[in-house]
């Protein structure tokens with residue numbers, strides 16, 4: 001009984017996350033249904049060498065002559081067993097295609113997130129110490145620029161800068177043509193990762209520095225900060241221990257909520273930098289009208305968002321003990 | 001009168017700063033807004049951009065869809081901002097392309113705000129199960145990658161101005177909804193709303209005549225942000241080739257020329273600056289409104 | 001009382017820099033706190049008693065500044081020492097307990113961590129020894145199950161328990177002065193009594209001096225050896241608690257006492273007549289102080305001199321002073 005009660009909140013979160021993914025599956029189904037023309041067209045994609053036989057076969061497979069609810073059942077069954085359809089353009093089952101591309105996207109998103117949270121939090125916390133000082137104004141200006149410039153354009157500007165003016169970073173792809181081996185292999189990927197990461201992190205640096213600044217200014221006005229000072233703690237400890245831990249709470253919340261948007265930003269960044277992830281794949285499938293792949297990516301993005309939400313939830317509970325169950 | 005709780009009515013020292021005699025609140029707000037240099041700058045900038053996109057094409061007089069010069073010729077060499085990969089005038093493209101960008105941005109922002117307002121106000125007003133259901137719905141749209149969802153919709157329903165506006169409007173309203181809900185909940189618990197309710201006001205009247213006006217200030221600020229975001233959204237979609245292929249827009253110019261950016265930086269740099277300045281102007285105005293409505297926020301963040 | 005007191009505040013003036021010039025929130029305040037004794041600081045909200053405490057700790061909120069006067073800790077003027085010296089004093093020689101136990105503890109760290117922190121900082125104890133000290137302190141403030149509660153977070157404590165934790169934190173380094181700023185205002189009456197009893201007990205054990213800031217004259221009567229009364233940014237009367245409670249020299253002090261039910265009863269018993277008095281009018285706004293005595297507009301005894309010239313401190317008894325033109329006559333009468 002005790003363990004069951006302990007499990008319940010976590011279990012509820014998992015259920016909710018699963019619900020999100022199911023909702024996307026249903027959304028995909030609705031999109032297929034509502035698309036102009038024959039649903040088969042969407043299932044196959046325009047590039048499919050859709051012979052009469054294949055169309056008839058798919059029609060039967062997806063139960064397209066059955067009532068809509070029945071079709072939904074078939075569709076759910078297929079998705080849940082990992083059958084996301086077949087990409088005729090790439091000539092691969094969609095699931096395999098997606099699994100191949102996931103690591104690159106996850107790598108890009110996580111490194112951008114890491115940079116953004118780190119830089120944003122520190123910039124915001126620093127500027128919060130003097131709300132009217134120069135640092136604060138710099139944070140305001142940077143965040144305005146980060147908010148206002150299109151992410152793909154920032155990427156292109158970096159490309160121009162680093163390709164022609166200061167060529168120290170590779171500007172496209174994830175690996176060099178001649179793949180080095182051993183440790184150098186990872187260094188090579190890291191080297192390729194720099195520009196896409198900076199580009200994608202830029203918006204979130206803008207966002208988190210502002211958020212961190214507001215949150216830290218608020219926290220620094222709290223009674224417990226005065227208590228910490230009254231204890232005779234050095235200012236560094238007051239800020240980086242007592243204030244920061246509290247100031248981080250809204251940032252962690254935002255990270256969870258915004259992971260989906262981060263992923264969307266990755267679509268643009270991957271396109272600009274030719275980064276071989278899901279985003280680049282999305283761009284390619286748009287060009288080829290490869291609907292099954294596109295819908296698969298949408299579904300995968302939901303799964304990634306769900307995992308990210310669960311992880312931030314755990315982080316949140318670690319940082320803020322009030323969110324844990326009270327001990328008695 | 002002194003009782004066992006002596007003279008609590010006196011102000012604590014921190015609050016004791018003698019407040020300047022306030023003007024009429026709206027005029028006060030307007031004054032602060034206009035005094036704010038960055039907000040005024042944003043307003044002027046946006047005015048210039050609107051002027052350029054409305055009257056610019058007629059004044060400049062170059063057809064943006066025609067090849068007028070050598071492809072990829074740099075700025076100053078025959079055309080003020082250079083030409084693109086098929087010899088079209090970039091400046092003419094920017095002047096005309098701004099129309100699509102601004103119209104799509106504005107209309108989809110309005111759609112976003114309306115959906116957000118309706119969902120948020122119903123959730124905030126009725127609470128309980130209505131709130132729980134609507135908020136689950138909102139969360140769904142908030143956590144999904146909205147650009148990707150819009151991409152899928154536009155791809156499946158074929159790119160046209162209508163589809164794009166619809167797609168942007170349908171994916172971006174979650175934030176407005178949450179904000180509206182929070183404001184509704186806060187204001188619905190205030191005395192004057194309780195009084196109106198006790199006086200027998202109907203739900204519709206309460207929602208839109210009593211509560212909504214009070215909850216508008218933060219929503220106005222968020223709306224400025226949403227408008228900027230919608231413009232960036234449109235630019236992103238057009239960049240990916242999901243705009244209306246028959247109508248130039250800033251994102252489309254960048255997307256079409258992205259393969260030439262190493263040789264012809266101006267083809268992508270100039271339209272990008274146009275997007276940047278437009279969104280910047282709107283952000284500055286939003287910041288200005290925020291400061292004007294909430295002067296304390298200036299010092300606090 | 002001879003020799004240097006532990007803490008002496010001399011002519012302390014604190015101003016708030018506002019858009020419309022500086023506003024004096026504390027005006028020419030002087031106090032002496034003797035070793036091992038309890039000084040009660042009495043006055044209404046906003047009279048400057050908390051400001052005095054924060055000025056002594058040099059923890060004034062942004063915009064507030066000490067513009068004149070001295071704060072002497074065993075003869076050392078700490079208004080001018082470097083911040084590093086100040087940090088060495090805070091929490092070690094002088095510690096502070098705040099009004100709001102609910103918000104004065106950091107919600108994301110365990111109480112053990114927050115108590116041990118000061119010990120580590122000032123006495124260089126290692127983690128284990130500091131934790132041991134934290135357990136001792138929790139036991140000293142009578143928190144049951146100290147070893148287990150060490151790892152609990154503030155939100156898992158009630159208000160009264162949190163204030164005990166605050167006291168434990170303040171006592172951890174065995175300071176020579178504890179400034180308690182309305183330590184019980186946010187608590188239930190029964191809990192208030194427990195906290196006061198605890199403070200008295202701990203004072204007897206450790207010999208620390210206490211500066212008790214309160215608007216509750218009852219608490220002063222119970223705990224304080226000496227009393228200072230504040231009104232509108234000025235210290236208007238000070239002296240031994242007994243003398244002040246028996247013969248308040250300043251009309252404001254006697255007004256304040258007649259508003260406190262417990263004291264009123266004893267006063268009534270003494271005088272043989274229950275006089276229900278109240279002080280008419282409102283405290284003047286800071287920055288719009290009257291020219292003469294600040295209490296004059298509300299004072300039943302005020303005359304033209306009171307309204308035009310600020311009264312100086314007048315000696316009305318042994319170590320008992322009041323800033324009132326009428327003080328002398330009243331005591332004599």
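Backbone N, Cα and C define each Cβ position, glycine as well.
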Residues flagged as transmembrane segment in TrEMBL, choosing from B:77-101, B:102-126: B:102-126
Given ranges B:194-218, B:219-243, the stretch to which TrEMBL attaches the annotation transmembrane segment: B:219-243
Selection from B:39-60, B:102-126, B:147-176, B:264-285, the stretch that has most Cβ pairs under 8 A to the transmembrane segment (B:219-243): B:147-176
Top Cβ-contact partner of the transmembrane segment (B:147-176) among B:39-60, B:102-126, B:264-285 (pairs under 8 Å): B:102-126
Distant-in-sequence neighbours of the transmembrane segment (B:264-285), which means Cβ under 8 A and at least six residues beyond its ends: 38-39, 41-43, 45-46, 49, 72, 74-75, 81-82, 84-85, 90-91, 93-94, 97-98, 101-102, 224-225, 227-228, 231-232, 235, 250-251, 253-254, 257-258
Contacting positions for the transmembrane segment (B:102-126) when only residues 6+ beyond its ends and CB under 8 Å are counted: 49-50, 53, 134-135, 137-138, 161, 164-166, 168-170, 172-185, 188, 203, 206-208, 211-212, 215, 219, 223, 226-227, 229-231, 233-234, 249, 278
